[in-house]
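Trainee: Pasting the relevant annotations from TrEMBL:
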- 49-69: transmembrane segment (TRANSMEM)
- 126-144: transmembrane segment (TRANSMEM)
- 197-217: transmembrane segment (TRANSMEM)
- 223-242: transmembrane segment (TRANSMEM)
- 262-283: transmembrane segment (TRANSMEM)
- 303-327: transmembrane segment (TRANSMEM)
- 339-363: transmembrane segment (TRANSMEM)
- 383-404: transmembrane segment (TRANSMEM)
- 416-436: transmembrane segment (TRANSMEM)
- 442-463: transmembrane segment (TRANSMEM)
Amino acid sequence: MSSKSPDERSPLVAVSSAPLYTQEPEALKLSPADTTFSNEARYVVTNSIPVLLTFVFQYLFQIMIPIYFSSRLGETYLSACSLSLTTFYVTGPVVVNGFSTSMDTLCSTAFGAGSYSKVGLYYQRCTVILMLILIPSGLFWLNAESAIFMVTRDENLASLCAQYLRVMPFAIPAIVTFECSKRYLQSQNKFSAPTRIIFLAVPVSVALNHLLIPQIGFLAPPLAFVSTYWLIASSLCLYIWFIDGYQCWHYNTTFRQLTSEWAPFFSLGLPGVLMILSEAFAFQVITFLSAKFSSLELASQSIVSTVASFGFQIPFSVGICCSTRLANIIGAKSENYKIAVTVSLFAACFLSVFNFCWMALFRTRLTKLFTNDPELVANASKLFLVVAFNQFLDCINVICAAILRSQGRQRIGSLLSMICYYLIATPFEVLMAFSWNMNVFGLWLGLAVGVGALSLGELAIVLKSNWESIIIKNTDIV
């Protein structure tokens, strides 16, 4: 490998067409390290910025814009939109995002090994699998009214949510295509293309909502959502086909090739779904339990959780770049993994301190972005200190989880997540919040105990990893 860190402008080199085979442990030959700490750090910093921007733009047009335009119709419509989006994401995009982590391992490793056509074949297979997996979700969205009524006991609210969700099945092909295409490009170190395309989604979504709200009212946000997703998914496919990314396409794929060897996707993808769901529900537990306290506590929780969600995106973006780079190196059978892991762990430490500092130092100013109420500002500012400590621990968790994904060890990560969030964090949350009367502060401290245990567990596994064994195991991927 070149000492220059790869990026999206790097040419694809020709490789031998000789068949690859699984090597015995004693036959493993790793190419010597030919990169540097600064090169690897530059790779992570340069590529994590467009990934972060992609998440920001997605959050805007997926969540913020629909909620904003629904709020203009009234409080009931705002509640219906919020509940509909929560239901939609837990049963749809969360599954897509979790399952497509299998591509982080399969596509990135194949690319690192130079098996470029396999990158395209894995992309095609994952897309088909996810289309099929989401069929039950689509059927649920079409018939969700009774299920939502069981939760809300409000017929009008349940009816509005049902109307909203009936539109969402039309977004399934676009969501799956966009997410899989995005990871297909990222596995080739092409991180900026999805960012440039999804940037279009924000003004398009705003314009569609603005035009449709006066005409069709509450159905405008979901229709704008579906239309926008089809636009960016189509644009990304056209980009791959005509501009860049086509180099790894698997041409003339047969039905047999497309529908065979699905087991690796499920063994990697299902634990990926569990990892994301376990973390998402862990934060939802805090929101749910916060409702047991005063309106002041609940308002403080709403403010800090919004900022914490943004804070999480920073290490998550860096983690995607670390995971892609390490999987590339594993596929290339190079000792560069030693330097790349060091950079990843250094990034985890740096981000832990960075997230803690900006959240703790600017806690009062951050609170005043949401409210000017003196009592709420004071309470939320204190709570930010606990949340900042949680962020300090969580950055290590996020980066170590990314390293495990690069190794193809999502199953270990999902098991640790379930144990730490639900057998450690949740009991401590209840104990501190209710038995020790710490209220919402206790909820976040309890979560910090679980996140701390998760971070230490993942860090220990990463540090004790037998990389040569992992490289041998992943030879079958390429």
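Just so it is clear, glycine is given a Cβ too, placed from its N, Cα and C backbone atoms.
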Trainee: Restricting to the same chain and to residues at least six past its boundaries, which positions have a Cβ under 8 Å from a Cβ of the transmembrane segment (262-283)?
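Mentor: Answer is 90, 94-95, 97-102, 105-106, 125-126, 129, 305, 308, 401, 405, 408, 410-411, 413-415, 417-418, 421-422, 425-426, 447, 450, 477.
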Trainee: Honestly, do the transmembrane segment (49-69) and the transmembrane segment (197-217) touch, with at least three Cβ pairs under 8 Å and pairs 6 or more apart in sequence?
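Mentor: When sequence-distant Cβ pairs are counted, the transmembrane segment (197-217) touches the transmembrane segment (49-69), since at least 3 lie under 8 Å.
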Trainee: Looking at 126-144, 197-217, 223-242, 339-363, which one has the highest count of Cβ pairs under 8 angstroms to the transmembrane segment (303-327)?
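Mentor: So the stretch in question is 339-363.
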Trainee: How about long-range neighbours of the transmembrane segment (383-404): same chain, 6 or more residues beyond its ends, C-beta under 8 Å?
Mentor: 275, 300-301, 304, 307-308, 311-312, 315-316, 318-320, 322-323, 326, 341, 344-345, 347-349, 351-353, 355-357, 359-360, 363, 366-367, 410, 412-413, 440-441, 444-445, 447-448, 451-452, 454-455, 458-459, 461-462
Trainee: List, by number or range, the same-chain residues at least 6 past the transmembrane segment (339-363) whose CB is under 8 A from its CB atoms?
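Mentor: Distal contacts: 33, 35-37, 40-41, 44, 307, 311, 314-315, 318, 322, 325-326, 329, 380-381, 384-385, 387-389, 391-393, 395-396, 398-400, 402-403, 459, 462.
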